[in-house]
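Here the structure comes first, spelled out in structure tokens, and everything after it is commentary.
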């Protein structure tokens with residue numbers, strides 16, 4: 001947009017300068033949160049893949065309807081009179097059905113759903129044989145997905161506000177970044193290596209401009225995913241009650257009161273087959289309310305894996321007769337637009353090739369944020385009155401960069417290692433993996449505070465690289481023979497993930513080596529240079 | 001002596017201007033965007049749900065635009081004044097619309 005302003009005209013110059021200031025500060029203040037959000041979001045594009053990779057015990061990919069049948073057998077045996085069952089269907093990325101259920105509420109229990117999400121007794125992974133798969137307890141790729149917007153160790157609402165504000169600052173940083181760039185297209189092709197600040201700036205520009213449409217899209221659509229929380233005022237102006245707009249936005253079949261007349265639940269397989277025909281695509285979620293009762297209702301929702309709009313249509317059935325009784329109305333234009341934006345953000349529709357493009361663009365975004373944060377210090381280091389003793393603000397940014405940009409990737413590597421090394425039978429293992437991540441991060445952070453920055457960068461980046469390469473080797477060495485057979489059979493997940501980890505490990509080592517070889521250019525700070533620098537800032 | 005005093009005055013004026021720009025960019029920007037989300041939700045054609053969602057989608061972009069304007073404007077005071085006027089217009093639309101036809 002700013003490219004259209006005349007270069008050097010008296011009006012455009014101060015405007016561009018004001019936007020450069022805004023770019024610097026909106027990018028810096030929550031830049032570390034943005035780095036974490038970008039990193040975890042980028043990894044979360046492999047959410048399903050990691051869900052499987054982090055549970056090597058899972059069986060091979062199975063025909064979905066056979067798994068559904070097994071899931072129904074399991075639920076009928078385990079919670080025949082539950083209040084509701086939620087079945088996430090298996091797919092070509094997940095061999096088992098993910099089950100979650102709410103047991104029947106006691107008559108004297110407080111009304112409303114007893115939400116016991118974490119309880120191990122209300123969820124299970126079930127395969128085609130109708131038994132719960134004994135896989136190591138882990139949050140898998142879901143951890144990155146959740147961390148991306150819920151963070152950790154804090155109330156979800158706080159986390160989403162922090163992430164929402166950071167995303168808005170990101171949007172401002174991107175837009176002002178565009179305005180600031182006079183030579184946006186030339187910068188795309190420019191990378192001057194080994195030139196200190198210039199190289200950092202070129203790297204920042206290249207990763208920013210290279211994937212600019214992606215960065216704009218992902219940031220704005222990210223805000224859209226949090227829109228109901230960030231911008232509820234239109235709903236307030238239109239509706240007296242929040243429930244009314246939820247009902248209009250997310251239509252749902254009416255479930256009658258539990259009749260307490262037992263009636264066997266219909267076989268789910270033909271119902272889901274019929275739903276897939278009506279919906280025009282594979283089913284992702286099956287919800288059964290009041291199973292085993294005459295009032296039972298089954299709702300089948302279409303999978304977002306083949307839809308741009310993340311809110312798939314759904315169709316509901318009578319749970320006893322199996323007759324269709326309700327279909328969700330088509331969404332209006334604006335709701336469909338918002339749904340497609342969220343779909344674009346999450347990329348659930350993307351097949352493997354497009355998934356890689358998403359992932360690589362996410363990596364570019366992560367590098368853009370990281371290089372921007374480093375650039376802040378590189379740019380100011382040359383202007384420090386005494387480079388040996390920088391002022392407090394500079395030191396805070398420098399150490400935060402080290403602890404977050406250097407420490408968090410090491411923590412992620414630690415998380416993967418914990419997944420492989422913690423005893424598989426332990427209870428509460430999933431949360432311990434997460435604890436390992438934060439302990440490693442904490443140690444890295446402290447190391448970043450103690451070590452001289454140059455050594456700190458080498459230690460953390462080199463450590464991350466070594467940890468990732470070692471993990472890939474360890475994993476390939478301990479891979480059960482069946483995995484190789486699966487690889488030859490076309491299931492590239494195991495070998496592919498390990499190779500990707502190794503490539504990232506090598507990249508981290510190369511960056512660490514560059515840091516080790518780097519000799520910072522100390523410029524003599526002449527008065528004139530100082531003045532022109534100040535004018536630039 | 002005088003030069004130093006003016007220097008200090010300039011410095012403080014710049015700080016005040018920056019504070020006004022920040023207020024315009026963040027709290028005022030969000031408030032104006034929110035009021036326009038409400039106004040658009042009331043007046044955009046189509047279903048109420050659709051208008052509500054469309055208003056929010058546009059307001060998110062307005063939030064960023066307000067911040068850019070706050071720093072690009074000639075002065076912080078001017079930015080704050082313009083944003084307040086825009087907010088008053090939106091508030092008037094919401095008020096008129098709600099008092100005319102109420103809420104759902």
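Including glycine, each Cβ sits where the backbone N, Cα and C put it.
Under the heading transmembrane segment, TrEMBL lists A:22-46 (among others). Taking Cβ pairs closer than 8 Å, the transmembrane segment (A:22-46) reaches residues 141, 144-145, 147-149, 151, 162-163, 165-167, 169-170, 172-173, 176-177, 179-180, 218, 222, 347, 350, 355, 358-359, 362-363, 365-366, 369-370, 372-373, 376, 397, 400-401, 404-405, 408-409, 412, 497 in its own chain, all 6 or more past its ends.
Per TrEMBL, the feature transmembrane segment maps to A:158-179 (among others).
Residues annotated as transmembrane segment in TrEMBL: A:200-223 (among others).
Beyond the ends of the transmembrane segment (A:356-378), by six or more residues, the same chain brings 24, 27-28, 31-32, 34-35, 38-39, 41-42, 45-46, 173, 196-197, 200-201, 203-204, 207-208, 210-211, 214-215, 218, 347, 350, 394, 397-398, 401, 405 to within a C-beta distance below 8 angstroms of the stretch. Here TrEMBL flags A:356-378 (among others) as transmembrane segment.
Taking Cβ pairs closer than 8 Å, the transmembrane segment (A:399-418) reaches residues 32, 35-36, 39, 43, 54, 143, 370, 373-374, 377, 432-434, 436-441, 444-445, 447-449, 453, 456-457, 460-461, 463-464, 467-468, 471, 501, 508 in its own chain, all 6 or more past its ends. Look at TrEMBL and you will find A:399-418 (among others) tagged as transmembrane segment.
Residues or ranges marked as transmembrane segment in TrEMBL: A:434-452 (among others).
Per TrEMBL, transmembrane segment is recorded for A:459-479 (among others).
Residues annotated as transmembrane segment in TrEMBL: A:499-516 (among others). Note on the transmembrane segment (A:499-516): residues 409, 416, 454, 457-458, 461-462, 464-473, 475 of its chain, located 6 or more positions outside it, place their CB under 8 angstroms from a CB of the stretch.
Most Cβ pairs within less than 8 Å of the transmembrane segment (A:200-223), among stretches A:158-179, A:434-452, A:459-479, belong to A:158-179.
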